[in-house]
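Going by TrEMBL, these are the annotated features:
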ACT_SITE  His37  active site, proton donor
BINDING   30-37, 149-152, Ile178, 186-189  ATP binding site
BINDING   Gln61  beta-alanine binding site
BINDING   Gln61, Gln155  (R)-pantoate binding site
Amino acid sequence: MEIFKTKAALKAFLKPLKASGKKIALVPTMGALHNGHISLIKVAQQNADIIICSIFVNPTQFTDPKDLEKYPRPIEHDLAMLQDAGCNGVFMPNVEEMYPAGADEKWHIDLGNAEFLLEGAFRKGHYQGVTQIVKKLFDAVEPDVAMFGQKDFQQVLMIKNMLAHFNLPITIITCPIIREDDGLAMSSRNIHLTLEDRKHSLVLSKSLQFVLDHFDEYTLAELETKAKALYDGIDGVALDYFTIANGDTLEPAKSKAEDNLVALVAAKVGSTRLIDNMIIK
Ligand SMILES: Nc1ncnc2c1ncn2[C@@H]1O[C@H](COP(=O)(O)OP(=O)(O)OP(=O)(O)O)[C@@H](O)[C@H]1O
Ligand SMILES: CC(C)(CO)[C@@H](O)C(=O)[O-]
Ligand code: BAL
């Protein structure tokens, strides 16, 4: 497995491979890898010949400086996991390499109204930062395909909108959410959960599963009310949002008959903010 710190070194590696017709996949990450990330590498291997994983904790998508500061960075462990998974190359630039003019470099594109909903409402400017770095990573790798996790449902939508904005010829593959045995969606931030938080965190997947299991029994409003009620009285858990939304617009669903529905949740568990979602149909 090759390691690249600069775009130039990465491009030099990829050039002959592309010339010989190899299909390139990019798996963008912020590191602190877990089996969710490795599942993306595995899907990439089914869809391309050469797999590049990027590890870059992107400052422009963080709205809370403390969140950025405490973001876990276990790089040796990450490299060992990628090596085991059979990844071909790791791109791990520093901030100067990605933002030569400084991380306050100007960037703004129209991502549609969904940019400002849900995560966008709680993390102002988050999706401008995400699309800014993903565009830079796409420019560095020029992949045929790129893998993203459904766990960041809104992120996938925003990246697809960015792709359309620039008319980029890249196929986006959305990979299913990998969960712990008890249902908690794997996330790099889970490492911050205390033992108590860890128990309490199960309410996220349980509340989503509730909607899935009882979808035919109740109205949309009842489903939301009952799912939200599951959070009542759980110590240290504060719900940011729980919604049943249209999967294209992320606006609250108007009718159960809509054909693209997803339940999405974000909650602070102790001092850790977690997100999760389940596609209803
Ligand atoms: N449990 C999971 N299952 C599938 N894909 C996942 C999972 N967790 C993260 N991913 C995907 O991995 C990619 C990189 O995500 P990232 O490095 O931010 O990890 P993360 O675990 O989501 O961390 P955090 O949410 O704490 O920032 C994203 O496309 C993300 O959706
Ligand atoms: C896509 C991404 C790597 C951009 O920094 C990040 O938002 C993530 O890990 O999901
Ligand atoms: N996994 C999405 C990246 C973030 O939380 O900033």
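Glycine residues also receive a Cβ, built from the backbone N, Cα and C atoms like all the rest.
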Close-lying binding-site residues around ligand 2 among Gly36, Gln150, Ile178, Ser188, where CB distance stays under 6 Å: none
From Gln61, Gln150, Gln155, Ile178, the binding-site residues whose CA lies within 10 Å of that of His37 (active site, proton donor): Ile178
Collapsed DSSP category at Ile178 (ATP binding site): coil
Binding-site residues whose CB lies under 6 angstroms from ligand 3, from Leu33, Gly36, Gln61, Ser188: Gln61
Alpha-carbon distance [Gln61 (beta-alanine binding site); Met30 (ATP binding site)] in Å: 11
Intrachain C-beta neighbours of Ile178 (ATP binding site), sequence separation six or more, cut-off 8 angstroms: His34, Asn35, Gly36, Ser39, Gly149, Ala185, Met186
Neighbour-count leader, CB within 10 A, binding-site residues: Met30, Leu33: Leu33
Alpha-carbon distance [Gln155 ((R)-pantoate binding site); Ser188 (ATP binding site)] in Å: 16
